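Listed in Swiss-Prot for this protein:
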type	residues	note
BINDING	457, 460, 526, 529	Zn(2+) binding site
COMPBIAS	22-31	compositional bias 'Polar residues'
COMPBIAS	86-96	compositional bias 'Polar residues'
COMPBIAS	159-168	compositional bias 'Basic and acidic residues'
COMPBIAS	170-181	compositional bias 'Acidic residues'
COMPBIAS	182-191	compositional bias 'Pro residues'
DOMAIN	227-453	domain 'Lon N-terminal'
DOMAIN	452-561	domain 'CULT'
REGION	1-56	region 'Disordered'
REGION	78-113	region 'Disordered'
REGION	157-195	region 'Disordered'
């Protein structure tokens with residue numbers, strides 16, 4: 001009897017185990033079908049036509065005007081912001097301090113064949129989510145499986161291999177067809193005359209016409225130490241730059257340093273100090289030269305950077321705040337004025353006696369120089385290498401296309417002016433700021449004359465525009481600081497055009513608080529990561545040229561060499577956006 005009961009119990013347990021195995025098999029099959037559906041949707045999103053050759057392509061303002069067309073980009077949709085950006089916090093994105101985080105990749109034809117359009121990617125994710133909700137455990141159970149993550153990684157890497165293979169095949173075909181020809185260059189930009197008063201942006205007239213002039217400029221003695229109010233700034237300012245800002249008027253007292261305009265210090269946390277002085281902050285002194293009431297409890301100020309300073313962090317009293325974020329607490333510190341050493345050209349120390357009268361005669365200048373060289377032991381190449389005049393002439397030739405006619409003659413001011421208008425890399429900007437020698441600063445600048453540089457998105461590293469397309473819409477140069485209605489300060493770089501398919505648009509165009517009178521502004525976003533990178537400016541008044549240009553925000557772009565250029569850099573973008581969409585649907 002006991003044997004019969006045990007046999008019946010064993011048979012029941014066996015049937016239960018079979019049912020459990022069958023349920024597990026069905027569950028695993030459902031998971032495999034869901035992953036297969038994702039992979040099929042992923043593969044369906046891949047077009048079969050070959051990728052076009054990787055060349056520079058641009059939004060040409062002349063072509064837009066000639067064709068009479070409007071901006072071709074569609075309005076972008078909201079997506080999550082990039083929490084892996086290099087900046088700690090995403091800055092204000094437009095002139096009204098709204099923060100768009102949007103993108104529209106529905107234009108499939110504008111993408112390379114290896115990159116998955118976001119609308120198809122979203123459809124695939126939505127299908128996976130809807131199927132996963134019909135089973136026990138939901139999406140969390142699906143994502144917990146190693147099989148799913150392995151399949152996702154496999155799909156992503158397969159697209160990367162396909163992209164690399166396509167690029168190699170394209171390069172080989174181009175090399176076979178044109179073995180002796182150089183690589184394709186960017187299309188030349190037709191010369192455009194500036195039909196705009198470049199004095200208007202420099203006056204910051206968007207603040208209004210009620211500003212009062214504050215006379216006087218005070219230069220402090222080199223090496224002296226002064227106690228003054230200090231702020232932080234997210235951009236590096238060089239002496240000579242104008243810093244407009246909006247702040248509570250109670251932050252400044254009448255008894256602060258300055259014979260006429262108030263003097264305060266601005267330091268740059270992004271400027272890494274030398275290794276031997278890790279507890280130092282570097283910055284500049286700024287002096288207010290115009291101010292006026294805004295009517296909202298804040299005061300508009302226009303200030304100019306004067307001298308470089310260094311601050312010992314141990315001397316700071318209080319918590320320093322960013323000047324662009326409406327600071328409410330005062331912070332004081334002792335600051336030391338840094339020197340500017342300039343050595344004249346070597347040949348100027350050679351006394352030629354009565355022959356010196358020929359030095360200033362243009363027709364005799366070259367002969368006089370050769371005669372000077374014959375009396376010294378220095379080779380002519382060495383003298384030419386350190387000649388201030390040769391550096392100025394080469395810089396003038398490089399900046400000729402930017403239509404800048406305000407190049408200073410003072411070597412000290414010129415060295416800072418060239419840094420702002422030649423757009424050096426962040427590493428080079430740091431070196432030029434920290435050096436006390438004007439000659440060394442000019443030599444560092446000269447070493448960059450042969451480099452071709454581009455603007456890259458600071459968030460996803462995609463290329464946006466060529467630095468050779470910079471031009472001056474302000475008499476101060478191609479790079480100028482502007483302030484929006486909320487007090488946020490934007491470092492803006494003006495370019496004729498941007499690389500095609502590199503940008504999208506957000507919001508509606510507006511003429512309110514325009515930094516360039518007669519132009520409307522429209523927010524532009526990076527096409528890959530949907531982060532704010534600047535504005536498009538389009539003329540709304542007749543007889544203004546250029547009709548269209550772009551302003552790139554310094555906090556959203558970085559300068560890099562042309563060797564870093566890649567037509568598309570979307571692998572990280574694809575993975576990040578897919579995982580963020582899955583995460584958002586799980587919440």
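Keep in mind that glycine also has a Cβ here, set from the backbone N, Cα and C atoms.
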Which of 460, 526, 529 has the fewest nearby Cβ atoms, counting only those within 10 Å, among these binding-site residues?
460
Quick one: mean pLDDT on the domain 'Lon N-terminal' (227-453)?
82
Under DSSP, the domain 'CULT' (452-561) has how many residues in helix, strand and coil?
3 helix, 60 strand, 47 coil
